[in-house]
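Positions annotated as domain '3-dehydroquinate synthase N-terminal' by TrEMBL: 75-187. For 79-84, 113-117, 137-138, Lys150, Lys159, the entry in TrEMBL reads NAD(+) binding site. Annotation comment: TrEMBL describes 189-338 as domain '3-dehydroquinate synthase C-terminal'. Look at TrEMBL and you will find Glu192, His254, His273 tagged as Zn(2+) binding site.
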Amino acid sequence: MTDETPSRRTVRVELGPRSYDILIGSGLLAEAGREIAALLPKARLLIVADERVDDLHGAALRASLDRAGIGHATMRLPSGEPTKSFPHFEAVVDRILEERLERGDAVLAFGGGVIGDLAGFAAGVARRGMRFVQVPTSLLAQVDSSVGGKTGINSPRGKNLVGVFHQPALVLADTDVLETLSAREFAAGYAEVVKYGLIDRPDFFHWLEAKRGAIFAGGPERAEAIAASCQAKAEVVAGDEREDGNRALLNLGHTFGHALESVARYDAERLVHGEAVSIGMALAHRYSVRQGLCPGQDAERAVAHLRAAGLPTRIQEIPGSGFTLDALMSKIAQDKKVVRGALTFILTRGIGQSFVANNVDPAEITRFLEAELAA
Ligand SMILES: NC(=O)c1ccc[n+]([C@@H]2O[C@H](COP(=O)([O-])OP(=O)(O)OC[C@H]3O[C@@H](n4cnc5c(N)ncnc54)[C@H](O)[C@@H]3O)[C@@H](O)[C@H]2O)c1
Ligand SMILES: O=C(O)C(=O)C[C@@H](O)[C@H](O)[C@H](O)COP(=O)(O)O
Ligand SMILES: [Zn+2]
């Protein structure tokens, strides 16, 4: 349920004893200290910060914590997907221990999804589990990665292959910080917004078609889109916290997308996560058309919206080489949704009519990708 005021929205993630609020709105960085002190009295914090975000917004966050009398230390990490790796994970855990943070203290993730996933994983395992607060600063992190408790790092064998489910205690999404996000990263985050419409909210997709300009321009529709996305994700997570069933819908576009990111070696010059998801969703729609599941016009409409947002929808748009059939199929075989060797994909019967398809034939996917690569 969203609690709406002009400047602040609250979405609750209902998970029994692990329930928490997502606060969305302007000026939240300045209020972070007060919100955290109310929830975690006397806790000390390790702020795990993306360097770029820390340079831009770290002083405002720390001033707010100081006003609330919260003790804190900051660990700055390089921006970019390669930071979601074993060496950085070890360094964060070590810093938590070096600071002598106790179980009752907390880790604060300050950055995009990379920092949120990494810091959340470290908090999930240090001292067998500490509390953590998400302060997401990219659009993607505000609409998706800060919510739902999937945390982890990448392995050289594939994306997000090491991690734990560990829910945050609080999410503070200050919409003002999005003003410093690059246009490319904003568009990448928008891919995950579109995802919610394409999964099972056709009305939201139609609303996005009408409001995309206002959302990109920073009108009030932006916070509305963020809150609607968090609400959509909160409902799925509340129904299936550990992806035993329908949570897999949130993976629309990700089996293809993760393979593309991994083959591109997580090089942000070539491809970032949201762009990979955009291409992956386009592929999932085109594959559904090929299988006779989805009307061609629905797939074209989904792809047209992604393209209008400045997002890529074909593998050939990724700069550089390496996207061979073998490379992609070997990454797809490492997907976490594989069951006894059989592939699982999120397919669709039309806009907002996605479903979990088990037992997808790898030979069919191979033939489809062959055609895509040759197109
Ligand atoms: N756990 C989940 O449920 C979940 C969901 C979706 C994505 N993810 C993961 O999230 C990651 C992608 O997240 P992302 O797109 O935020 O990437 P990111 O963390 O790399 O951030 C993107 C870029 O934006 C910069 N940035 C962030 N906030 C900024 C701001 N306010 N101003 C200026 N620059 C800013 C960062 O420095 C970085 O260069 C991937 O690793 C993906 O696998 C996880
Ligand atoms: O929260 C989820 O569940 C998702 O699938 C959200 C995705 O956008 C996100 O990229 C997630 O990290 C992918 O999960 P994975 O289990 O495929 O690694
Ligand atoms: Zn994603």
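For all residues, glycine too, the Cβ spot is worked out from N, Cα and C.
Caution: TrEMBL annotation is automatic and unverified by curators.
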Report task. Using all protein chains shown, find which of the binding-site residues Lys159, His254, His273 scores highest when you count other CB atoms within 10 A of its CB. Result -> His273
Query - Residues close to Zn(2+) site centre defined by Glu192, His254, His273, Cβ within 8 Å - result: Leu140, Asp144, Ala191, Lys195, Gly253, Gly257, Gly274, Ala276, Val277, Gly280
Query raised in the report: Any idea which of the binding-site residues Ser79, Thr83, Ser138 has the thinnest Cβ neighbourhood at 10 Å?
Result: Ser79
Report task. List only the single closest residue to Ser79 (NAD(+) binding site), chosen from the binding-site residues Glu192, His254, His273 by CA-CA distance. Result -> His273
Query raised in the report: Residues with Cβ closer than 8 Å to the Cβ of Ile115 (NAD(+) binding site), same chain and 6+ apart in sequence?
Result: Val48, Ala49, Asp50, Val53, Leu77, Thr83, Ala109
Report task. From the binding-site residues Glu192, His254, His273, pick the residue whose C-alpha lies nearest to the C-alpha of Gly113 (NAD(+) binding site). Result -> His273
Query raised in the report: Asp117 (NAD(+) binding site): which of the binding-site residues Glu192, His254, His273 is the nearest Cα neighbour?
Result: His273
Query raised in the report: How big is the gap, in Å, between the Cα of Glu192 (Zn(2+) binding site) and that of Ser138 (NAD(+) binding site), rounded to a whole number?
Result: 12
Requested in this report: Just name the most isolated of the binding-site residues Glu81, Asp117, Glu192, going by other Cβ atoms within 10 Å of its Cβ.
Outcome: Glu81
Query - the domain '3-dehydroquinate synthase C-terminal' (189-338): DSSP-derived helix, strand, coil residue counts - result: 106 helix, 0 strand, 44 coil
